[in-house]
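Noted in TrEMBL for the protein shown:
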type: BINDING; residues: Ser9, Ser15, Val16, Ser17, Ser135, Arg136, Gly137, Gly138; note: FMN binding site
type: DOMAIN; residues: 1-175; note: domain 'Flavodoxin-like fold'
Amino acid sequence: MSLLRIDSSIRTQGSVSREVLDSLERSYLESDPGAQVVRRDLGLDPIAPTTWAAAVAAGMTPEDERTAEQREAVATAAALADELAAATAVVIGSPLYNFGIAAHLKSWVDLLITDARFAPGSTPLAGTPVVLVVSRGGGYGPGTPREGWDHATGWITRILRDVWGADVTVVEAELTLAEVVPAMAELRPLAAQKRAEAHEAAAKLGVALRAS
Ligand SMILES: Cc1cc2nc3c(=O)[nH]c(=O)nc-3n(C[C@H](O)[C@H](O)[C@H](O)COP(=O)(O)O)c2cc1C
């Protein structure tokens, strides 16, 4: 049993996605403190977009003609693919930035897709449970002015579920900016409720992942 935890928030202090993943990880480890959790922190240790470009170029270059940079990029993609394929469960923190996916998370996905195992057409995560923890500063629910503006969650879910075949559960914490944006002050009770619900859902999922 091995849980792969992927963080992609660019902050460590006050990061809601990290805190919700902490709740999940705590409950995952509670029944068996010796269980293995592998961490990849894309927020603190990002993959350079140039690595992806080099891996794509390598795919169009005969092996014996590849540059050192291209060979290194292919090796990095393979290491990421090994890590993800070895996980029995995966949890991912996905903050909303500029109405889209965190660039660091996009770079991780892009590089993985250069590895044949994660290219479209194969389903390398079939049967693997993946919990996606989404954190958003605003509110995007049905009927809200920004409904449909979250262009991150649909995309990453599409990759995980429909391209890679994972069994995806989404946990959403939104209105996270209510605490610090004065214009959102009246939304603070709702924001607190949503955050508590996200922690509760994450803790339950931690137990479920141990049992799966
Ligand atoms: C550079 C930047 C861009 C952001 N863009 C958006 C946005 O487009 N929509 C939104 O609702 N919140 C936005 N936010 C707020 C984050 O989604 C929110 O703070 C979320 O909680 C971040 O995840 P974290 O708490 O795990 O760091 C942005 C925050 C930053 C730092």
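Here the Cβ of each residue, glycine as well, is placed from N, Cα and C on the backbone.
Here the features listed in TrEMBL are painted onto the structure.
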residue: Ser9; record: FMN binding site; contacts (Cβ under 8 Å, 6+ apart): Ser15, Val16, Ser17, Arg18, Gly43, Gly93, Pro95, Ala102, Ser135
residue: Arg136; record: FMN binding site; contacts (Cβ under 8 Å, 6+ apart): Pro95, Leu96, Asp150, Glu172, Ala173, Glu174, Leu175, Thr176
residue: Gly137; record: FMN binding site; contacts (Cβ under 8 Å, 6+ apart): Leu96, Glu174, Leu175, Thr176, Leu177, Val181
residue: Gly138; record: FMN binding site; contacts (Cβ under 8 Å, 6+ apart): Arg146, Glu174, Leu175, Leu177
Tell me, if you would, which residue among Ser15, Ser17, Ser135 (binding-site residues) has the fewest other CB atoms within 10 Å in the structure shown? Ser15
Considering all pairs of residues in Ser9, Ser15, Val16, Ser17, Ser135, Arg136, Gly137, Gly138, annotated in the record as contacting FMN, what is the maximal C-alpha distance expressed in whole angstrom? 16
Between 0 and 100, where does the mean pLDDT of the domain 'Flavodoxin-like fold' (1-175) sit? 97
Where Val16 (FMN binding site) sits in the secondary structure, as DSSP reduces it to three classes: helix
